[in-house]
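Here's the structure, in structure tokens; my notes come after.
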6 protein chains.
Amino acid sequence: MTLLRPSGRQPDQMRAVTIERNVARNAEGSCLVCFGATKVLVTASVETSLPSWRRGQGLGWVTAEYGMLPRATGTRTRREATAGKQSGRTQEIQRLIGRSLRAVVDMAALGENQVIVDCDVLEADGGTRTASITGAYVALADAVKWLTERELTKGEVLRDTVAAVSCGVYRGTPVLDLDYLEDVEAHTDANFVLTGSGRFVEIQGTAEQVPFTRAELESLMALAEKGIGDLTQIQLAALSS
Amino acid sequence: MTLLRPSGRQPDQMRAVTIERNVARNAEGSCLVCFGATKVLVTASVETSLPSWRRGQGLGWVTAEYGMLPRATGTRTRREATAGKQSGRTQEIQRLIGRSLRAVVDMAALGENQVIVDCDVLEADGGTRTASITGAYVALADAVKWLTERELTKGEVLRDTVAAVSCGVYRGTPVLDLDYLEDVEAHTDANFVLTGSGRFVEIQGTAEQVPFTRAELESLMALAEKGIGDLTQIQLAALSS
Amino acid sequence: MTLLRPSGRQPDQMRAVTIERNVARNAEGSCLVCFGATKVLVTASVETSLPSWRRGQGLGWVTAEYGMLPRATGTRTRREATAGKQSGRTQEIQRLIGRSLRAVVDMAALGENQVIVDCDVLEADGGTRTASITGAYVALADAVKWLTERELTKGEVLRDTVAAVSCGVYRGTPVLDLDYLEDVEAHTDANFVLTGSGRFVEIQGTAEQVPFTRAELESLMALAEKGIGDLTQIQLAALSS
Amino acid sequence: MTLLRPSGRQPDQMRAVTIERNVARNAEGSCLVCFGATKVLVTASVETSLPSWRRGQGLGWVTAEYGMLPRATGTRTRREATAGKQSGRTQEIQRLIGRSLRAVVDMAALGENQVIVDCDVLEADGGTRTASITGAYVALADAVKWLTERELTKGEVLRDTVAAVSCGVYRGTPVLDLDYLEDVEAHTDANFVLTGSGRFVEIQGTAEQVPFTRAELESLMALAEKGIGDLTQIQLAALSS
Amino acid sequence: MTLLRPSGRQPDQMRAVTIERNVARNAEGSCLVCFGATKVLVTASVETSLPSWRRGQGLGWVTAEYGMLPRATGTRTRREATAGKQSGRTQEIQRLIGRSLRAVVDMAALGENQVIVDCDVLEADGGTRTASITGAYVALADAVKWLTERELTKGEVLRDTVAAVSCGVYRGTPVLDLDYLEDVEAHTDANFVLTGSGRFVEIQGTAEQVPFTRAELESLMALAEKGIGDLTQIQLAALSS
Amino acid sequence: MTLLRPSGRQPDQMRAVTIERNVARNAEGSCLVCFGATKVLVTASVETSLPSWRRGQGLGWVTAEYGMLPRATGTRTRREATAGKQSGRTQEIQRLIGRSLRAVVDMAALGENQVIVDCDVLEADGGTRTASITGAYVALADAVKWLTERELTKGEVLRDTVAAVSCGVYRGTPVLDLDYLEDVEAHTDANFVLTGSGRFVEIQGTAEQVPFTRAELESLMALAEKGIGDLTQIQLAALSS
């Protein structure tokens with residue numbers, strides 16, 4: 001029997017996922033998160049000031065930025081700083097990361113502090129946004145811990161964990177955690193952001209070529225729930241190490 | 001008994017939707033689409049040239065741009081042309097519109113022609129992106145007809161119709177086609193893009209405050225399927241008039 | 001006898017001009033102004049804050065912005081928001097609209113309020129700047145009325161009405177209110193902004209190919225005075241309806 | 001009797017105007033033009049290539065750019081290169097200069113050559129655009145001579161001379177060639193561009209505060225005709241020296 | 001006796017320098033270079049096309065770009081992609097890196113190939129530009145080897161090695177390889193780029209507060225020559241491993 | 001014997017250098033500095049406000065901006081204001097000018113005043129940055145005098161004079177003050193900024209093609225010391241005239 005996936009993985013099998021904490025000596029929280037060959041360096045920076053529209057309400061703020069080193073990709077990509085602006089894709093991803101994190105943050109408990117999470121892709125092999133969100137939660141948790149140790153928070157800031165994974169229909173079969181080779185070919189691609197308790201924060205499904213049925217979507221959801229379960233374990237293990 | 005929705009609508013009731021064709025005398029296709037008080041002027045322009053990366057493959061291209069007049073909103077919004085760039089939100093929306101249309105286009109049948117669809121919001125009351133997609137299909141259909149009449153296409157270009165609607169959980173109840181007042185308050189907001197034959201092109205669900213359950217998502221999907229059914233009838237009626 | 005003008009109009013005949021008020025439900029003042037096939041949507045927005053250089057002097061401010069939908073023109077024009085800046089032509093026009101309005105405003109009576117007038121061209125067939133100014137006065141008048149009703153003004157804000165029209169030498173004959181076909185061919189093109197009382201606010205005459213004589217300029221002025229007379233009646237009728 | 005004008009000039013008296021040719025050793029044409037304390041360095045550069053839209057028609061092109069040194073003004077003005085764009089005022093002026101020059105050029109005689117005229121204000125004391133146009137003609141004439149000497153033109157390129165002057169109503173009296181002190185206070189300001197043969201190329205009249213009458217405009221025109229007569233003599237004298 | 005340097009190093013002692021090759025799986029050459037706590041990820045990308053001005057001359061091209069992750073620094077630095085442009089400092093550094101590499105490349109031997117070297121600072125503790133140059137040579141050497149193995153070069157491309165180090169006067173004493181704490185306080189800061197054979201490619205000396213004497217400059221040169229000797233050994237060792 | 005240098009100068013001979021003060025009637029300090037055919041117009045503007053990061057420390061600030069008129073060069077260069085940004089070269093030069101001036105300023109004596117020095121190149125024939133620095137000192141001295149006369153300074157502001165010159169190896173011989181023809185061909189180019197008392201403020205040496213030896217660098221230094229001696233005399237003579 002021939003293998004379905006280029007990597008030889010089972011349809012419901014994640015790539016090897018690792019999260020190494022405290023990789024940036026300056027940041028209040030940081031990690032290197034790998035989903036197989038995809039590597040993202042995440043830092044969480046505590047800022048003493050809030051955006052102006054957020055001040056004076058007793059609430060904190062969490063936001064994210066995303067970038068990719070020019071040669072994270074197979075052929076070199078133009079540096080956004082020389083292009084003079086972030087692409088639509090970059091903005092879409094960093095807005096998603098920010099929303100995902102905010103969904104598990106109690107802003108009143110955070111107090112008037114801001115955490116900026118930077119996700120910079122060192123190597124890209126598909127799933128950079130889902131790896132970013134999964135690592136971002138860990139870096140954010142460390143930054144929150146840093147604030148809590150200094151008594152700058154008011155109660156429990158994090159209401160849940162949050163992680164993300166992509167699923168897609170590859171050569172007719174729903175598979176978990178698409179890598180680049182699969183992503184290029186998949187005719188449906190969906191990103192799921194779920195909490196550790198299994199609730200949905202974001203779902204983004206796109207028919208790349210052929211519209212999909214509700215049944216297909218249901219099967220992708222089931223795969224995502226399994227994958228997020230695995231990722232949550234890895235996050236918790238990293239944070240307790 | 002008090003009404004749930006500010007507008008007095010039933011949970012599964014769309015706003016009044018109208019699509020008026022041929023509103024722009026220069027464009028090859030155009031319409032004014034209204035979802036209640038939300039009004040979007042859509043034009044579809046046939047371009048004689050393709051983007052350079054698309055040339056010489058015998059395939060066409062469909063893309064979209066989105067804009068909002070400064071006073072479409074309750075308080076005036078800064079004009080993007082003076083800000084010097086499109087916002088992340090604008091880029092996200094216009095990428096979504098483009099993907100949605102491409103999902104029903106046979107690019108080989110379109111031939112080496114490009115259609116650019118412009119969606120400009122004259123009045124905004126929630127649902128500008130779903131109204132844009134719904135109207136964009138109609139304008140695109142007219143532009144395709146224009147090309148076909150000139151024998152510039154090769155067979156059936158449009159494989160299906162496509163429309164979009166938003167659903168959300170408002171005060172605990174899943175409701176169809178959120179208006180602005182509901183959108184502000186809803187703690188889950190999902191946009192669905194479906195074909196006339198009931199397949200999914202895009203699904204984008206976001207937990208604004210509280211993560212949602214799979215059951216809630218299922219109920220939103222059911223509402224969306226009903227809403228898209230209504231919208232498809234309105235599109236077909238507009239195109240046959 | 002052959003007709004001089006493509007439209008069959010007499011040399012001193014304006015196109016059909018209509019002004020429909022209250023077309024934008026959010027704006028304090030608004031109208032849709034049509035000079036024949038040229039259609040401009042105008043909104044006047046009352047802002048609670050002044051530009052910083054204007055504050056604390058007891059004086060108000062009126063400014064204008066101008067835009068054109070991509071397919072207002074015969075072939076699609078690139079969207080200025082994607083180009084990253086407003087063209088020189090756009091800036092020139094919006095500065096002209098602002099100056100024209102300010103010429104009839106008593107800034108002390110306006111008080112420390114700002115009105116921003118947006119003129120967005122839905123369809124262009126020549127004369128977009130003159131239609132914009134003519135409609136802008138009507139929208140401004142409604143915004144001033146809105147302020148006055150809330151007792152935010154000090155006495156009479158509007159000292160006069162203001163309107164604009166273009167004239168040109170078309171195939172050797174001075175004609176009033178050039179449409180696009182005439183504009184392309186005319187070898188002199190002049191825009192006149194006059195008050196309802198017949199005084200000049202702006203005059204901009206340009207020899208497109210052949211310099212013009214003082215006699216020709218005089219004949220254009222006479223046409224303009226007639227045209228502004230007509231426009232003033234239409235403005236006043238619109239405002240009293 | 002007290003003098004009307006701050007400079008002691010008569011109402012119909014120009015400032016001292018000088019034009020010094022060949023001040024830039026690299027340019028094909030150049031001059032330093034002074035209208036009193038206003039000093040503009042003008043260069044005319046012959047370019048071997050035309051803008052792409054102009055190629056292959058056997059016609060030439062003339063365009064202009066305008067700039068101002070940061071301390072040309074009483075208080076330092078921000079450099080446009082650091083602001084990242086040219087202001088609306090700058091674009092308006094350079095478009096005017098370009099149009100004015102093109103009105104006297106026979107583009108077929110110029111052949112497929114381009115001349116770019118740069119007007120850079122070294123010192124500003126009112127009338128920088130009129131000084132620029134007046135000097136630009138002289139620099140252009142030298143660049144045309146350079147081309148003609150190399151047999152790159154086809155017949156007479158310049159059909160006429162062109163010059164510009166401003167007039168305004170200062171303390172109730174129409175005056176010629178406003179300097180900065182007058183310009184600030186004048187309630188009407190008009191720029192006139194005329195050919196040496198007395199025909200109009202451009203007229204731009206603006207009511208700064210109080211709309212003006214047709215009679216006032218006529219008196220400004222008469223002043224302008226006198227001033228342009230003087231300027232034409234100075235241009236011709238400079239070119240024959 | 002108290003230690004002079006915060007790190008306890010001797011005045012002529014470099015920080016621990018490591019160069020790890022092949023850290024980016026996509027790039028033709030890459031390394032992670034560390035000068036103490038300063039860490040730079042360097043990739044060398046072979047491009048199939050040259051800049052347009054370089055084509056058709058039988059010569060190659062080498063250029064460099066430089067970036068810094070937002071939290072490479074003690075407090076977070078704004079991302080240049082969101083600022084919309086590279087800072088003057090960034091441009092200065094990447095121009096220096098490019099010139100330094102080109103000084104040891106035989107462009108004819110390189111043939112019509114381009115190598116783009118990206119230096120992205122993961123952690124900054126002073127000396128990011130000198131670490132970048134030192135690592136860039138190693139990554140470039142691997143990219144050249146990649147080209148040579150494919151027979152795309154003509155003879156020996158690299159004429160020498162190149163490395164860089166900073167020196168400065170810290171509390172009155174000339175010291176080698178400034179770290180951040182020293183850099184802030186040093187009143188002279190000089191960057192030296194030398195070849196492995198001991199010739200100078202670049203020297204940039206700056207008096208931060210107090211101008212320096214020629215004797216001080218001579219002593220910094222001597223330190224640099226020692227440091228470059230050390231770095232050359234490390235480069236060669238890395239390349240032979 | 002054939003002459004080495006195109007200009008016939010001796011290796012250690014500067015071009016004719018002139019500094020004419022008070023050439024800009026608005027600026028607090030100004031000069032026209034010529035190094036042979038290179039001409040730079042320098043103005044020093046006293047600003048009443050400091051950059052925000054500098055306020056409230058009792059210290060002043062001196063900064064510089066650099067520009068070049070489009071036709072200062074042999075072929076026309078694109079205007080940076082239309083390009084939308086300053087080039088890397090421009091930023092590098094203006095940062096150098098600013099640092100050079102600040103090296104001789106006592107910021108406490110300057111008090112909370114800012115001086116902005118603008119160096120605009122009217123004609124370029126090599127050495128525009130060194131001419132700019134040399135002239136900038138003179139304009140700065142006049143601006144400081146202006147402040148001192150108004151009792152806005154606290155003691156001696158200028159601790160020394162500062163000037164700059166370039167040296168290079170031209171056809172194997174070290175020469176002083178490269179002009180454009182020499183600069184293009186020189187295989188080493190070094191800019192030296194020294195104080196009148198002979199101390200170094202900046203040294204920037206670049207091997208354009210062939211790395212240089214320490215002995216060559218020493219000979220360039222000796223030439224620079226001679227050249228700066230000459231320039232210092234010319235500066236002092238200009239300031240005492």
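Placement of Cβ uses the backbone N, Cα and C atoms for every residue, glycine included.
Heads up, TrEMBL stuff is auto-annotated, nobody curated it.
What TrEMBL records for A:13-143 (among others) is domain 'Exoribonuclease phosphorolytic'.
Packing around A:Arg89 (phosphate binding site) is summarised by its Cβ count: 14 other Cβ atoms lie within 10 angstroms of its Cβ, all protein chains included. Per TrEMBL, phosphate binding site is recorded for A:Arg89, A:Gly127, A:Thr128, A:Arg129.
Annotated domain 'Exoribonuclease phosphorolytic' per TrEMBL: A:160-227 (among others), in sequence order.
Regional average pLDDT for the domain 'Exoribonuclease phosphorolytic' (A:160-227) in the model is 94. Applying an under-8 Å Cβ distance to chain C, the binding-site residues A:Arg89, A:Gly127, A:Thr128, A:Arg129 reduce to an empty list. A:Gly127 (phosphate binding site) has a Cβ environment of 27 other Cβ atoms inside 10 Å.
In sequence order, A:Thr38, A:Val40, A:Met68, A:Ile93, A:Val121 are the residues near A:Thr128 (phosphate binding site), counting only same-chain partners six or more apart with C-beta under 8 A.
A:Arg129 (phosphate binding site) is surrounded by 25 other CB atoms, counting those within 10 A of its CB over all protein chains shown. Other than A:Arg89, A:Gly127, A:Thr128, A:Arg129, the residues of this chain whose Cβ falls within 8 Å of the Cβ centroid of the phosphate site are, in sequence order, A:Tyr66, A:Ile93, A:Val121, A:Ala124, A:Gly126, A:Thr130, A:Ala131, A:Ser132.
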